[in-house]
Structure formats: C-alpha cells, structure tokens
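Lifted from TrEMBL, the feature list:
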COMPBIAS  1-14  compositional bias 'Basic and acidic residues'
REGION    1-93  region 'Disordered'
COMPBIAS  72-93  compositional bias 'Basic and acidic residues'
DOMAIN    98-318  domain 'Anoctamin dimerisation'
DOMAIN    321-895  domain 'Anoctamin transmembrane'
TRANSMEM  332-356  transmembrane segment
TRANSMEM  411-430  transmembrane segment
TRANSMEM  486-510  transmembrane segment
TRANSMEM  530-549  transmembrane segment
TRANSMEM  580-598  transmembrane segment
TRANSMEM  699-721  transmembrane segment
TRANSMEM  751-774  transmembrane segment
TRANSMEM  856-877  transmembrane segment
COMPBIAS  909-924  compositional bias 'Basic and acidic residues'
REGION    909-932  region 'Disordered'
Amino acid sequence: MPKPDRQSYKKVGDNAESGSQPNPDMAAPPAIGFEGLQEDPPPKSEHIGLEAYGDGRSPKNGAAPENIELSESNKEDEPLKDDKQPKKAEKKEGADLYFHDGIRRIDYILAYKKGDSEKDVRRAAKRHEFENNLREEGIELEVEDPEGSADGNTVFVKLHAPWEFLSRQAEVLKVKMPIKENDMEEPISILNCLKKIPSPFDLSEEFIKPEPKYFTAPFVREREDEFVMEDRESFFGMSQRNRMVHEILEKCRYDPDNKTKFGIDHMINNGSYVAAYPLHEGDYKSKHSMLTHGPQNDRHLLYEEWARPGRWYKYQPLDLISDYYGEKIGLYFAWLGFYTQMLTIAAIVGLVVFLYGCISLPFDPVVSELCEAKSWVNYTMCPQCNNRCTYWILESSCFYSQLTYLFDNGATVFFAAFMSLWATMFCEFWKRRQNELDYDWDLFGFEEQEENCRPEFEALAPDKRVNPITKLYEPYVKFYRRFPRFMASVLGIVFMIFLVLAAVVGVIVYRIAIKTAVAASGDAFISSQASIITSITASCISLVVIMVLQNLYDRIATWLTDLELHRTETEYEDSYTFKMYFFAFVNYYSSSFYVAFFKGSFPGNPSEYGKVFGLRQEECDPAGCLQELFVNLAIVMCGKQFFNNFIEIFLPLILNFWRSRTGRKEQKAGKGSYDQWEKDFDRSELGPRGLFKEYLEMAVQFGFVTIFVASFPLAPFFALINNLMEIRLDAYKFVTQLRRPYAARAQDIGAWYAILVSVGNFAVLSNACVIAFTSSFISREVYKYQFDKLEGYVDWTLSSFNTTFFEEGTGPDIDTYPDFADGGLNGTRVELCKYRGFVLGPNPPFDLKLDYWKVFAMRLVLVLVYEHVIFIVKFALEYMVPDMPDFVKNEIKRENYLAQQALEEITRKDMVAKRRSKMPDGEKGASASGYQ
C-alpha cells in the first residue's frame, strides 16, 4: 500500500548549487491517446498515444503512416537526443541518479552497443522510432556519451517520467493511492498482544519506523486533491514509477509499418538494446555509520537491516522490500520468512523426538538384545555376499541398531502425524497471511492485462489470426502444427525420466558391488562397517549425479519449452514449472524411494536369493534399512542446499567482479566516474524467471521435510538452519549483486501453492508406508501384542537356514567358524546360520511363516487407518481455519464504503452543476443552496 510519508533522503546535495526544487509542473508532451480520461483531447499527430505501441484502442486517430522513409541522419546509430553531454570526471554523491540538471530523477535505463554494420543501422532505425514514441507518450530522455563508458562503446539512455505521464498512467492502470488513514481499531487477541512484547527479533524502529496504514482508491487526476499527498514529486514511490514506465516500454512500437512490432523485450531480443533496468538508489554502503548519519537511501537501509549477515535473526522489513523491489519479490520473501517461522515449530518437535531417542536408547530391550548377541552358537549370520563373504556374528550390527533407534522409536509415529498436520496448517495459515499482505499491498483484484506475445513466438509462429482481445492480427500456431511439438516434448520428458531411473539403477549396482567388496575384505572392522560405508559413498555419488542431471535437464527443459512455442510468458512459465518440478521430484527422491520401499523387500532366502541384473540383491541390516534411508536423506538434502547456496552467492560475485574491473580501475585512477547506471549495467540480471529456482529449491526442500520425515526427524532442523542462511544470502544477492528488477506485481505465489498442497497430501501416504514397511514399528507391536514383552524380539525376526541348501555357486568359500569363535566352534563347519525374515526353516520348503502374514496385514491396516485419520483431521483443519482474517474483511468493507461515498459525492456534485447550468443566473444561488 502506498505510504505517503516514506522517509526521504538527501539528493544531489539538495541541489545546493542552484537551490531549486523539482518543478512538478515541468513541461512535458501532452498525454495522448487515453480517450475519455481528458476533457480536451490533443490534436492528431503522426504517432498518437496508444497507437504508438499498437494496442488498437484508438485506430481512428492513431493510425501509423504507411511508408516512412528515414533520413540519412536518422539512420545513424544514435537515437534522437534531448541532451547529450560528456561524462563528468567528478560528480557529487547521488548525482548519477538524476539527469544533468540535478532535478529530474532517472526512472529507467536503456543500454545499447554502437556499431557500423548493416544490421546495426536497422537497429538504430528501430531505436529511433521506439524513442520517438516514448517521447510522444510523455517520457523524457537524456543520452550519455558512449566515450564515457568503460568500453567506450556502450550508450546509456536515461528515462524520466514527469508528473503528467505518471498521473495519466496511474489513472489508466488504476493504481491505488491513499485517500484516508486507516481508522479501524486493531482487534484484541492473544497473538496481537504477544506481538507488542519487545523481542530481540524485532526490527529497529529507529530506522524502520512502523508505517501508517491507509485506505486506498484508484487514482483519478480530477480528484487529485482528495488523495493524501505531500507533494507531487514524492507521491508515487520509485517502484510505482518504474512499473509505470515499464508498462509503456512493454507496449511502445518500434516499427511504424507493423503494429505487432512493439515492446522492450522484443527490442532486447533483436539486439536493438542490450539491457533495460531501473536504477538502484545509490550505494548499499556508506562512509559514515548509520547510527550517526542515518541511512543514505533505501538500498543502504535494506543492506544494514536486512541483507547484512549479522541480521540473520531479525524479522524482515517486508514493506520496505515490497516498496523497493515490487510485490512479486516481496511475496517471495514473505513466503520464505513465513515458511522459516513455521519450520521453527517443526524443528523443535523434531529435536525433542531425536532427544527422546537418545535418552531412551540405553533402556530399549531390542537394542540391548541385539548388542548382546555375541554367541556364535545362537547368532551366526549367513554371509552378506556370494563366495567371498564369510559368516559373521549378529553383535556386529549393534551400531546400526543404535543408530536406527534414534529415528525409529515410539515417537516416530507421533512425529509423522504431526508433520502431516503441520504441512496442512502451514498452507492454510499462509493463505491467511497472503490475504493480509494482499490487502496491505493493494493486490486484491489485481489482474494481469492482456499479455504481449513472446518475441520467440512472434518470430517462429507460422500462422496468423485475429486476437479476440485486441482485434489485431498476430502470430498463431494451429493445433496440427503444435501437436507434434507437444509430443516431442513429452517424449523428451519420458527420456529424461528413464535417464534418472537408469542412474538410480547404476547406483544400485554400485551399492551391490561395493558392499560385496567391503564385506569380503580381510579386515574385520572394515567388513563390519560395510553397510555404512556403502550408504555414505552411494549417497555421495547420488548427490553428484542428481546435481549434474538437474543442470542438464534445466537446459533440456528450456529447449523443450521453447520447442512448444508458447504464446505468452505465463504459458511458458507454467509449462516450464511443470517440467522442472516433475523432473526434480523424480531426480531428488528416487534414490530415497529405493532405499525406503524396495531395498531388502525381495531378498529371497539363501536357497534362492533375489537378483538384480544377475547380481544378488542387497539386503537390509538385521536392524533394518531406516538408518540407510536417514544417511541418504541427510547427504542429499544437506549437500544440495550447500551446493545451491554456494553457487547462488559466489557465482554472481565472481562475474560482477570481472565485469566491473574496468570501471573501478578508471575511477580509482581518476580518469572518470563510475556512475550508478554503469555499475548496475555490470551487475547480473535476475531474468524473467529469476524467482523460479528459488521456489524450486524450497519446494524440493519441503518434500524432504514432509515426505520422508518419519525416517529423518532432524530434517526440519537442518531445513531451518539452511533457510536462515538462505534468506540473508538471497537478500545479499538482491541488494548487492543483481540489477534492480522492475517492480513486478503478483497476487500470490502462483502454481507453487498447489504444488506444496499436493506434496503435503502425498506425504501422508509416504510416511504411512515408511512407518508400516520400512520401520520396525509394526513388527514390534505385533510381537509385543502376542507375547506381552519385547525380550526375544530379535530372535523372532530371524530365520534359520541349513547351510547344505545354499543355492549353487552362492555359498561361502570359507564355510567354517572363525578362529575367534566361542564355544569351541573355531575351525568347525557351520551347519546353521540365520538371516532376517519370517521364513520357515532350517530345511525346505522355505515358505513364509504365519507371522509374516500377521505383520503384513497389520502394516496394511496401519496405512489405511493412518491416512484416513490424518486426512479427516486435515480437512477439518482446512474447514476450521478461514482463508481471510475477519479484521481484513472489515477493512475491505470499510474501504469499499469510503470509495462508494466518494463516488456518491462526485455524482451529487455533478447533478448540482448540471441543475445550476440549466437555470437563469438569478436563480442559481438559491436553487443550488436549496438542493444542497
């Protein structure tokens, strides 16, 4: 929501040399082409108003001339200029945010490279037409001499939006501006009372003061005096100004003979410009302390109070972020902050569950029984691989059983259910929070206007049709042409999915081979750690494969989406989002799904082992597979987060350092000034899908936190630590390393909300299956129900096997007890060994025991009962938690009431004026007075 009392900062020495103030009535080209919004429309000209950028709303007055021949002077590789002045060697601080007169603020920068080729001449003609049309729209331009740039070849065109343009554009775009201070009393609640208690997490009110709330209404020039306005210069914020300029840049035509040739995106795509961006508001660091001199600009304030690593524990200044970067980026950081706050609760509960496991570990009878299974007579285990592996003692799995218990104990089921409900509460409360922000930032009712065609679509689409909105001919792709492209894209996705599955199979083969090699080693200690060594190395390989495939698929998904020829950027983003998340889901989670649900599920028995590509399938440890799932999740999740954070912050740092080296050298040598427009030009660009990777990274993390949380209770804690760093790293990147993006608007987080809800629902089923089939919860409970105790549970889960019935070629080369075996067994042949499973034995037939079917049935019952109960509670919570707080509803009603009152007042005044105009002069006063 606009805040008219936004803190102002000193600019250009307050124009100390001239002492003049900005003139809000500075002469500017008339506002042309917005019929119905002005009382006296201007005369016609060659390029009139909206026809200058081809939206077809004024074809009668705005038809472009058919055959315009450019003069030789206009074919030069320079645009028409208002002023062209050489770069000054020294400038006052902040002077590079203004035109050379020190008064007109720079709202946008266009940059291009000079050239002498035939293509450059054509580009110059397009720029000439484009910039002429910008002037006709009321934009003022000033051009910097390319000799002053770092490479001596880059031209910077500075744009300034005067009041006439801003007020007209605000009226057309229905920009909401403050009309009255919000007089609604804040509701009394426990949460609001808690918010008033000072905490170390609060922002410094000395620098970031609470901003008053206002009721707003769409701006109308005729009612200018009814809005809360200190002066015209500061009425519209910088983000509003650059957004309004960007709207014109997106629609301004550059070809007088073709109404479909328009928009700055097309101009950048065809090479006429190399960049278009609003300026940062000066440096983010100051020579003086903010405590003594205060912030020098909003960017400096954002760095000190938000992006600086030392502020990692502070709340985010969301209003300031939204005012500076726009509501779309503001919503991303609001969502990320809210997600991190909710993770705090999950992390605390997860830590409690983990500590419960640590504390209760010494008292668990199952772990104690397994760690005391030292007798070779009773606990000789069958070899873990064919031929080379030897018999081993069950006690060597003691470490794995202890590790498993930390994550597989009585609190596991509770935590899995808690996280399923937590995911629902997160989504529901985020909707409430989002609605609050939508109201505060005037996003309710925000709708995208008719989008322009993508430049790539315009260039490659083979057909034409009449646009039903604009009634203009535009590029089009017929169904029979689009279908083969769509099928090619589907086949590309299927191929990449099979590639991921092939990589998973490769890792499985590696696990089998490496476990066999380690278990067969001569060192007793190393062979006893075969399972953990295999898990760690396989997980590290999986992480490397995942990151390589993810980057590869990013390029392939871009190519496939380009192949589909989507008309608008929204259609393109939706298709790209589906491909990337679907692939990321398979890529990141496939190895975990294998360990959780397939590893050890079909191992067979020593008389007939299960096989994968002719290799004996790896088996779970007698303590279970949960510890391997935990290791895999910890390495993949934490490794991914560390790698992404490293790339996000250090890659832009390196690139920006390299690109800015010339400008910094010249400034240091005193050869010229390194102006703000050139500093920003040297910075990295956010890009049209700049927030996509940020959302994708968090969506994948959300999956790790919810889908497999039953096996990794510390996942929310590690996610919390990562997000605390992620917020500050993203903030640092936006404030210091990236160009300032134009202030885009968005009403919500888009398709990502639906993805999060879907992941939360899927997590209910996955956690039920992990508890039922991967953990030992059900088997323990069945045994406890049968025997009313847990002593003897380990022996109950093991089956005996007569070694004379080994499958041919699978028996151990050394079939005797080791020399250190107890009970006088050393050197004698092993006749019986044990393995994990509910199988009859030790002699054939090796059928499944009744206990197996009891456990299996109870596992199915748990899945059905668990997911039904959780889903019922989830739906109840969704119903009980309203999407919009009551006080926001009341504020919306109050704002609508004030708007209606204002409309009725205008209608009444119009009626009085019309009545008085029809009366004789002598009766006007009395009649009007009586009417009033």
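Placed from the backbone N, Cα and C atoms, the Cβ positions cover glycine too.
Any TrEMBL annotation is an automated prediction that lacks curation.
Ranked by the number of CB pairs under 8 Å to the transmembrane segment (411-430), the listed stretches 486-510, 530-549, 699-721, 751-774 are led by 751-774. Through the fold, the transmembrane segment (580-598) approaches residues 493, 496-497, 500-501, 504, 507-508, 538-539, 542, 546, 549-550, 553-554, 557, 625, 628-629, 632-633, 636, 640, 692, 696, 699-700, 703-704, 707-708, 711, 755, 769-770, 773-774 of its own chain, all at least 6 residues removed from its boundaries and within a Cβ separation under 8 Å.
Listed as Cβ neighbours of the transmembrane segment (699-721) (distance under 8 Å, sequence separation of 6 or more from its ends, same chain) are residues 339-340, 343-344, 346-347, 349-351, 353-354, 407-408, 411-413, 415-416, 419-420, 422-423, 581, 584-585, 588-589, 592, 596, 626, 629-630, 633-634, 636-638, 640-641, 752, 755-756, 759-760, 762-763, 766-767, 770-771, 774-775. Mean model confidence for the domain 'Anoctamin dimerisation' (98-318) is a pLDDT of 86. Sequence-distant contacts of the transmembrane segment (332-356) (same chain, six or more residues past either end, CB-CB distance under 8 Å): 315-316, 318, 321, 406-407, 409-412, 414-415, 418-419, 422, 425-426, 429-430, 433-434, 437, 691, 694-695, 698, 702, 705, 709, 713-717, 719-720, 723-724, 726-727, 730-731, 749.
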